[in-house]
Amino acid sequence: MSTQEPQKSLLGSLNSNATSHLGLATNQSEPWCLYVSIPDGLFLSLGLVSLVENVLVVIAITKNRNLHSPMYYFICCLALSDLMVSVSIMLETTIILLLEAGVLVARVALVQQLDNLIDVLICGSMVSSLCFLGIIAIDRYISIFYALRYHSIVTLPRARRAVVGIWMVSIVSSTLFITYYKHTAVLLCLVTFFLAMLALMAILYTHMFMRARQHAQGIAQLHKRLRSIHQGFCLKGAATLTILLGIFFLCWGPFFLHLLLIVLCPQHPTCSCIFKNFNLFLLFIVLSSTVDPLIYAFRSQELRMTLKEVLLCSW
């Protein structure tokens, strides 16, 4: 499946002939088209970094029984989803490189089936990643606004059912997506799903930030001398919120914009120019799977301590 024809395929073969430069693709229909060429080595390098990070997260949570709580289950599942994203894209890139180099020889039908299977894995892991990002936001929201009832609301059985449900929905939706990718309704459903996750995270995290700010204001009123600390907290909280939502939007937004433009303007020269950067949009998603452990996992002191023990024991 070629990335040069995004209206025919959404998760086609990665562009293995790309080189690491920024240039202007010019032709008669697209005289000013901006095209970012992505080298395959960059996909493989980022994928490898993501692979190592997320494997370490899974190992640390599995090893430490104190981390066997719903919150860390969700973080572990997010790491598994990001792991699948990286491994799937690395696998597809490697297969394309081997085929073009003549090292791997296979029939066209077999290559097509393998490509479809990898596409299902990529799409399924993307859907599950978005779902777990949303459920982590919900979990944190409940822990703040319903702190006294948190352990009765977010129980291990409910967390397990939520995890199983998300994986099942991801598998079914990704299979339908690859099977019916030509249908406009499928693309619109995916775009709507992304916008819903974005709105959910924006609303919940903004509400959490406002509650934390009100709490800090109350403390500052009791202790006037802590006013500077309160201001510093607000700035830090706003920066954290901006980084969290900004990374989510910047990493996932371009891919879903790509899907939306397939529906709105598949033949327009400007949209065709954007379609040429499909590999760049996939790279952003791999980048997201690299950043997620830094935001959601490695900020936990206990997880870092467990990870340190694991690394020291391995030596």
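Here, residue 1 is simply the first one shown, and the rest follow in order.
Just so it is clear, glycine is given a Cβ too, placed from its N, Cα and C backbone atoms.
Listed in TrEMBL for this protein:
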DOMAIN    53-296  domain 'G-protein coupled receptors family 1 profile'
TRANSMEM  42-61  transmembrane segment
TRANSMEM  73-97  transmembrane segment
TRANSMEM  117-138  transmembrane segment
TRANSMEM  159-179  transmembrane segment
TRANSMEM  185-205  transmembrane segment
TRANSMEM  233-257  transmembrane segment
TRANSMEM  277-298  transmembrane segment
Average pLDDT across the domain 'G-protein coupled receptors family 1 profile' (53-296), rounded to a whole number: 83
Cβ-based contact of the transmembrane segment (117-138) with the transmembrane segment (185-205), 3 or more pairs under 8 Å: yes
Other parts of the chain folded back onto the transmembrane segment (42-61), taken as Cβ under 8 Å at six or more residues beyond its ends: 14, 20, 67-68, 72-73, 75-76, 79-80, 82-83, 85-87, 89-90, 93-94, 279, 282-283, 286-287, 289-290, 292-294, 297-298, 303, 306-307, 310
Contact set, same chain, for the transmembrane segment (277-298): CB under 8 Å, 6 or more residues outside the stretch: 3, 6, 12, 14-15, 18, 34-36, 38, 42-43, 46-47, 49-50, 53-54, 56-57, 60, 75, 78-79, 81-83, 85-86, 89, 126, 129, 133, 136, 243-244, 247-248, 250-252, 254-255, 257-258, 304, 307
Cβ-Cβ under 8 Å with the transmembrane segment (73-97): same-chain residues at least 6 beyond its ends: 13-14, 16, 40, 43-44, 46-48, 50-51, 53-55, 57-58, 61-62, 104, 114-115, 118, 121-122, 124-126, 128-129, 132-133, 135-136, 139, 156, 159-160, 163, 166-167, 170, 282, 285-286, 288-290, 292-293, 296-297
